[in-house]
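Step one of this worksheet: look at the structure below.
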Amino acid sequence: MNNVLQFGLQSSAIYVAKSLRVGSSFVGVGVGTRSFNKRLMSNATAFSINNSKRKELKIPGAAINQNCHQMGSDTDRDEMGTLQDDRKEIEAMTVQELRSTLRKLGVPVKGRKQELISTLRLHTDSNLPDQKETSSSTRLDSVTIKRKISNREEPTEDECTNSEAYGIEHGEKRVKQSTEKNLKAKVSAKAISKEQKSLTRTGKQQIQSKEETSSTISSELLKTEEIISSPSQSEPWTVLAHKKPQKDWKAYNPKTMRPPPLPEGTKCVKVMTWNVNGLRGLLKFESFSALQLAQRENFDILCLQETKLQVKDVEEIKKTLIDGYDHSFWSCSVSKLGYSGTAIISRIKPLSVRYGTGLSGSDHDTEGRIVTAEFDSFYLINTYVPNSGDGLKRLSYRIEEWDRTLSNHIKELEKSKPVVLTGDLNCAHEEIDIFNPAGNKRSAGFTEEERQSFGANFLDKGFVDTFRKQHPGVVGYTYWGYRHGGRKTNKGWRLDYFLVSQSIAANVHDSYILPDINGSDHCPIGLILKL
């Protein structure tokens, strides 16, 4: 088997031979320039390079298969003689000529003249036919040069760090390059370790053969390709991403973790909620189609947060609604235009609708953060909980005023009917709900104060986190920041919820996340409630 993988560089190419043992046949590893293509196919053909003074440097062909040459043949002896002449020509070359020649070969050109001569000699010697044994130092230098060539187009560590600011596509490239680099280093370490063990056992300089090294490198590179091309690249949410995962935790996969559909005729309601981070921008998103989403999910009610609409925009937006969803209710911020905003869009006509908490003189109701719809068997509250902000400027307002007021509002409604509370609650309640818990102890949405308030004002008062109840050990996120391309690597937060009254918790058929829906830094989540 003699497959050759080619990795293109600006002026050079690396040929990594996929090496497998089949009977007595082996395949080796060759490193050379693009101009060596013909030489690799012909063992006795010499390659010439014209430098600035029109001198010719002849480099003998490199063997691909050990069976291609017989040691001591006339061809080999001729090439050895040519090589001695070439060494003299190399020593006579100027620094400029040496650097020019090395650049054409795709080899690093830094260093003094003697170092350049040694590097060019090493490159020439490495192409001797059927060279099976070299000294340890020469072999290690060769591996280093090959690795430098193979990494020539890879960004530096600083460049990789800076690429995160460019978002998703750079994040994926950085992961791929890092994986390949680490595996190559690992292979080199393994080869050195085997050589040292061999020297200890025999007391002789027995170096691992090129064929064995090729086999190891090829297998590791194939593993790298499998990792890079795995389905997890298109479905990153199926990969467990967490800084401190517990041994029994699993990544959320909606394809395998959702229950089967309810039997036809079962009375139920399907509610979806989504922080759209600007409804106008979402409607312009090329790959988004509200019609496709409605057809795919067939929801009865859709709750939106962070619409960022003004009152004057509502009527225009209503005209774009899908047929059948004839009942929509919008709450817009009046204290800060183009900010916050919530909405409920339904094909079921509610019995009543109210906006805000209903408290007279309350500051909570000026930012358009709550819409409450009453249906036959439950109340639905759609809310966008205030973020504590940069520097936690609104933390005290959030936990001492907002959470308490919302909790009291819910408990008052619950006196007559069960309540479903949904929306962006802006809190990752447990460590399982955030990728990096240790690094976000003082970040808005994961402070100890917010998490305790979430528990005290909602969960401890009889409301059930439906997703966590259905999936107690599952890591599923609903928000990924744009800044570092977190969605591609599944480094996110779970900020969006369906909390229900304890009295109807057993009626929840499914509480799920749709991480494949793009268009916002949040994704939609859904609830199927049997009536």
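One-based numbering along the chain as shown.
Yeah, the Cβs are placed from backbone N, Cα and C, and that goes for glycine too.
Because the structure is a prediction, the values reported are computed rather than measured.
As annotated by TrEMBL, active site applies to TYR384. Residue density at TYR384 (active site): 25 other Cβ atoms are found within 10 A of its Cβ, drawing on all protein chains shown.
What TrEMBL records for ASN275, GLU306, ASP424, ASN426, ASP521, HIS522 is Mg(2+) binding site. Around GLU306 (Mg(2+) binding site), the same-chain residues at least 6 positions away in sequence with a Cβ under 8 Å from its Cβ are ASN275, VAL276, ASN277, GLY278, SER340, GLY341, TYR384, ASP424.
Under the heading compositional bias 'Polar residues', TrEMBL lists 126-141 (among others).
Annotation source TrEMBL lists compositional bias 'Basic and acidic residues' at 167-183.
Marked as compositional bias 'Polar residues' by TrEMBL: 199-208 (among others).
Annotated region 'Disordered' per TrEMBL: 126-218, in sequence order.
A simple Cβ count within 10 Å picks out one of the binding-site residues ASP424, ASP521 as the most packed, and that one is ASP424.
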